[in-house]
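Single-structure report; data block below.
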Amino acid sequence: MSSPLFEPLPLDFSNLPKLPPRQGTAHKGQFGHVWLLGGDHGMGGAALLAAEAALRAGAGRVSLMTRAAHLAPALTRMPELMTHSADSSYALAQLLQQADVLVAGPGLGQAPWGRSLLSVTTTLDKPQVWDADALNLLAHGDISPAKSLLITPHPGEAARLLRCSVQQIQQDRPQAALCLAKRYQATVILKGAGTLIATMDGDLRRCDRGHPSMAGPGFGDVLAGLLGALLAQGMVDFEAACLAIWLHAVAGEQLGSGGRGLLASDLLPVIRSLLEAHSPCLAH
Ligand SMILES: NC(=O)C1=CN([C@@H]2O[C@H](COP(=O)(O)OP(=O)(O)OC[C@H]3O[C@@H](n4cnc5c(N)ncnc54)[C@H](OP(=O)(O)O)[C@@H]3O)[C@@H](O)[C@H]2O)[C@@H](O)CC1
Ligand SMILES: Nc1ncnc2c1ncn2[C@@H]1O[C@H](COP(=O)(O)OP(=O)(O)O)[C@@H](O)[C@H]1O
């Protein structure tokens, strides 16, 4: 990965995919059920941020599968959530039949608990977003990629997935993103300044929006939940990736003008307003 051979097209902000307006008779069953898997001990917040982002971006229902210790705090913050902590892989497989979209990885950890949750999802033929520790587990090689997969590595995770250094990833990010898409048969979002979207067919886009105030914990978790919500509302991987990346980066840019100390959860109301301006809930 030495010389940049592939020049990504800039994301076409004037022509981003839209969510359709909702009928007056709409009901929650039409906007998908997102299941969030994550939040091992010490990292419950990551899964919670992703779940909150999915709710705030319009998913019809959101279920959180996490450690039992995180259920009460999660419900205190968001009573709209449905919560579970499966006792066995069999029980989880049964529960996941209800899911339309899976988001796995935020705070999942790489211990047996996280590994067993992820191993249940690999066989499910549903749209899936894998982030954070789902990618670290995938990189270990003993979990196979799911069939319909969107992966969201930061450069550290990309380096683990391609078994190279972060420096090699950053030297030629376009090639790294395309290589990940081919190797894992997935749509890829390679995060960091100048986020890239790559598809298995070789389509490559770059987003030059965003702000260094986003270099803090949880911003990737919010992106993962946002992607889940857009997939649940009917977008395909590439559409969801383009719109989510734009909403996330522009929200960060707007709030970044306030300087350091931006919280990932601060993005949520801004993402909601940007989404409404872009794809109004009601037809005008
Ligand atoms: N509140 C919670 O519960 C939270 C929980 N969280 C959860 O923690 C778990 C571990 O995830 P994590 O991302 O913190 O650790 P990890 O994968 O080792 O990555 C760090 C290394 O990767 C690299 N690197 C990253 N970005 C880069 C960039 N733009 N540009 C260049 N390099 C970059 C960089 O490598 P270096 O440069 O140091 O070699 C860096 O040291 C995971 O489950 C996550 O969900 C978090 O979401 C936080 C909030
Ligand atoms: N300097 C930056 N410029 C633009 N976007 C950034 C910058 N730093 C971080 N981000 C964005 O913030 C998010 C950070 O995600 P990630 O590294 O997975 O964090 P976490 O695991 O803590 O949620 C990514 O979407 C990334 O593109």
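Keep in mind that glycine also has a Cβ here, set from the backbone N, Cα and C atoms.
Quantities reported herein were computed from a predicted structural model and do not represent experimental measurements.
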Which one, G105, G107, is listed by TrEMBL in the same (6S)-NADPHX site as A46, H154, D221?
G107
Per TrEMBL, which one of G156, G220, G225, G228 shares the AMP site with K191, G192, A193, G194, T195?
G220
Can you list, in sequence order, the residues of the same chain other than A46, G107, H154, D221 whose CB lies within 8 Å of the CB centroid of the (6S)-NADPHX site?
G38, M43, A47, L49, A50, G105, P106, D131, A132, P217, G218, G220, A224
Does DSSP give D221 ((6S)-NADPHX binding site) helix, strand or coil?
helix
Packing count at A46 ((6S)-NADPHX binding site) (other Cβ atoms within 10 Å of its Cβ):
30
Here are some binding-site residues: G107, H154, K191, A193, D221. Which one has the most Cβ atoms within 10 Å of its Cβ?
D221
